[in-house]
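As recorded in Swiss-Prot:
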DISULFID  Cys42-Cys51  disulfide bond
DISULFID  Cys108-Cys159  disulfide bond
SIGNAL    1-24  signal peptide
SITE      Lys85  site 'Involved in pH-dependent PME3 binding'
SITE      Glu103  site 'Involved in pH-dependent PME3 binding'
SITE      Asp114  site 'Involved in pH-dependent PME3 binding'
SITE      Arg118  site 'Involved in pH-dependent PME3 binding'
SITE      Glu125  site 'Involved in pH-dependent PME3 binding'
Amino acid sequence: MARNFELSLILFVLYLSTAAIVMARNLEEESSGDTEFIKASCETTSYPDRCFQSLSSYASEIKKQPRKLAETALAVSIARAKSAKTYVSEMTDYKGITKRQHEAVADCLEEMGDTVDRLSNSLKELKHLEEGDSGEDFWFCLSNVRTWTSAALTDETACMDGFGGKAMAGELKSLIRTHIVSVAEETSNALALINDFASKH
């Protein structure tokens, strides 16, 4: 009797172990597939390495969904834009800043504020789209998303326009440019993924 119980217990433990291994393997394969989806999608962007680096950690949430991928790309762009905006605002107190540089920083700060607003509007609009819908409302909303995201990219470019010319060259410009370029690349990638999502409808 005791031997039968021990045998049953051993078999039960083996069953649980096998089930756990199979489940872990399935999850690993699913995760790998999700990651490959992101990698393949990022190849359609202008900055695929940055795209994959920024989005691969969200693979389990994205799960091969083009819309979710575009939403996540926008969310990443917003976070990067907010960070850049904060950084630019701190540069108004940069040591030795000239009047012209101060004006350029102020203009850039305004442009980054617009960038955050436009990207936030894009994300909200994208989330309002109905799954499976491809009617006029869908394309109208998607047009808004594209327009706002493109405008955000223009704002980011305009931010650096104020630092044009040799007189504006130097460390301040270089420091700000590093942050703005990062945002612009994320935004460009987000726009490409939005277009990729649109092409599937």
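A Cβ is built for glycine as well, from the same backbone N, Cα and C atoms used for every other residue.
Keep in mind that this is a model prediction, so the values were computed, not measured.
Swiss-Prot feature annotations superimposed on the structure.
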residue	record	contacts (Cβ under 8 Å, 6+ apart)
Cys42	disulfide bond	Pro48, Cys51, Phe52, Leu55, Asn189
Lys85	site 'Involved in pH-dependent PME3 binding'	Leu109, Met112, Gly113, Thr115, Val116
Glu103	site 'Involved in pH-dependent PME3 binding'	Gly162
Cys108	disulfide bond	Val88, Cys159, Met160, Gly162, Phe163, Ile176, Ile180
Asp114	site 'Involved in pH-dependent PME3 binding'	Ala151, Ala152, Asp155
Arg118	site 'Involved in pH-dependent PME3 binding'	Trp148, Thr149, Ala151, Ala152, Asp155
Glu125	site 'Involved in pH-dependent PME3 binding'	Cys141, Asn144, Val145, Trp148
(request) Using a 10 Å cut-off, grab the number of neighbouring Cβ atoms around the Cβ of Cys159 (disulfide bond), all chains included. (result) 28
(message) Applying a 10 Å Cβ distance cut-off over all chains shown, what neighbour count does Cys51 (disulfide bond) have?
(response) 27
